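The next block holds one structure in the form of structure tokens; read it before the comments.
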Amino acid sequence: MNENQSDWSLEVSVADYDGVNATIYGWPQLGQDFKPRNEILDEIRKSFFKYHEPISSTLISLYAIIFTLGFIGNVLVIYVFIKNPRMRTVTNCFLVNLSLCDLMVVCICMPFAVAMEIYSNWIYGNAMCKIVNFCQGISVSASILTITVISGERFYAIAKPLKARVILSRTRMRRLIILIWGLAVLVALPQIFVRQEIEHMEILTVRLMACTENWTSDIGKNIYSLAIFVFLYLIPLALIFSGYLHIGCKLWYADTTIESDLITRRAKRKLEGRRRTSKLLVVIATLFGVSWLPMHILSIVLDFTDMEIPNKAAFMHAFKYAIWFGHFNSSLNPLCYWIMSQSFRNALVSQWYCLFKGASQRTLNINASQQYLKDASQCTNGSLSSHRATIERNKRYHASTLRRMHSIVNGNSELIVFKGTPCSIVITEASPSDGDISLSELDIGADQCVSPSLLCPDQDSTYLERLRDQSRPSSPSSDEIEVESGLF
């Protein structure tokens, strides 16, 4: 082999985008199989594609599944919340904020994680290197802060209801959401400065780029990593579960009190709703803690230990799956809502009817002799539309412009069925809150639907009893109504 041929012989150890010599690309001594420079460059570029490797192909398939679930699920959660004013409670607003965080992970972080599994060379520029990691830091930080605030809101609503009426107002809710995002931005801000696109090596004319952290000292990196683990993982989870433990004790005590004192059915329903809500929120917090625990542990080990290169290569493969497991959490929350929340399922089915069954129309067959609704059938010349409104007694005269078709009066509640749209509307005597719709403000178009349970209630007297309970004379503040509202 002459000198010129040996110049073309390459055996290169290529570092991947995490700064670890995880992939070895080797070219044997060419000898008689000498190849032109262009062919060698093409082989080098092709070697950066990793999608055919078992580890990468498996990870890509897993990301495809959670991306689909996460995108569709979180979009539906936000859509249902927007289309149903009744659901705009304090707890639900925070859960929608959590869905926004999850959607941020799904739309920004997941695609780039998949891209690096397909092609290991970072080709997206220094700006995207900073933006992607900055967004991931914001979304994860905002998620844990939101879950923490939800646990605090539930604690005050159940353990300290008098304080909750003052503290949990809509104005404070908005301020808390702004504060959550502000703190998340501050936490993730260092990523803007330390994340850089770095050239690991240049092979002939092919440059191997990586998006990695470039700290001026290991001490600063270790302090930042440890602070994230303590203040955005350990402490929040400790506060969350201690709060829910206290809530659980309160609800268990309330359950025994109801059995001995025979409190009204309404109080029992409220207790059952609170218990269901607490169970769902505990599941959400637990899933978040479990999903991000492997990534936090591996990050601490990676930052505080000096591993040998062979071990570090295998370690980084595990680290990629740990990041996937954390991203998986962004797809789990909508599934929890669907499995554990009957109200969310009803609202989602209702919107399904609005979107895909708008051409079919329904009417209400009302059995006045039994004084409650028995069933629902097809409605003619109008899209599916059922509106529920709580207004003052003098507001019901705003309906005079609509042609009344039939009505049922039961206690303080009245259900009126009109010709055309809307098909029906429930009117009670209670004062309107900020989250309710007054008849004078009611949009009677065909683009609003509510839960089918309101359109086609169950065939028992509990429906009108529920309406009667809701319309009992009282003057709660909007804060109190928000506190007592159910989850989705």
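Cβ atoms here come from the backbone N, Cα and C positions, even for glycine.
Noted in TrEMBL for the protein shown:
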| type | residues | note |
| --- | --- | --- |
| TRANSMEM | 60-82 | transmembrane segment |
| TRANSMEM | 94-119 | transmembrane segment |
| TRANSMEM | 131-156 | transmembrane segment |
| TRANSMEM | 176-194 | transmembrane segment |
| TRANSMEM | 223-245 | transmembrane segment |
| TRANSMEM | 280-301 | transmembrane segment |
| REGION | 466-488 | region 'Disordered' |
| COMPBIAS | 479-488 | compositional bias 'Acidic residues' |
Seg_contact(the transmembrane segment (280-301), the transmembrane segment (176-194)) with at least 3 CB pairs under 8 angstroms, min sep 6: no
Considering the transmembrane segment (223-245), which listed stretch of 94-119, 131-156, 176-194 counts the most C-beta pairs under 8 Å: 131-156
For the transmembrane segment (176-194), could you work out the same-chain residues 6 or more beyond its ends whose Cβ comes under 8 Å from its Cβ atoms? 93-94, 97, 130, 133-139, 141-142, 145-146, 149, 213-215, 221, 224, 228, 232
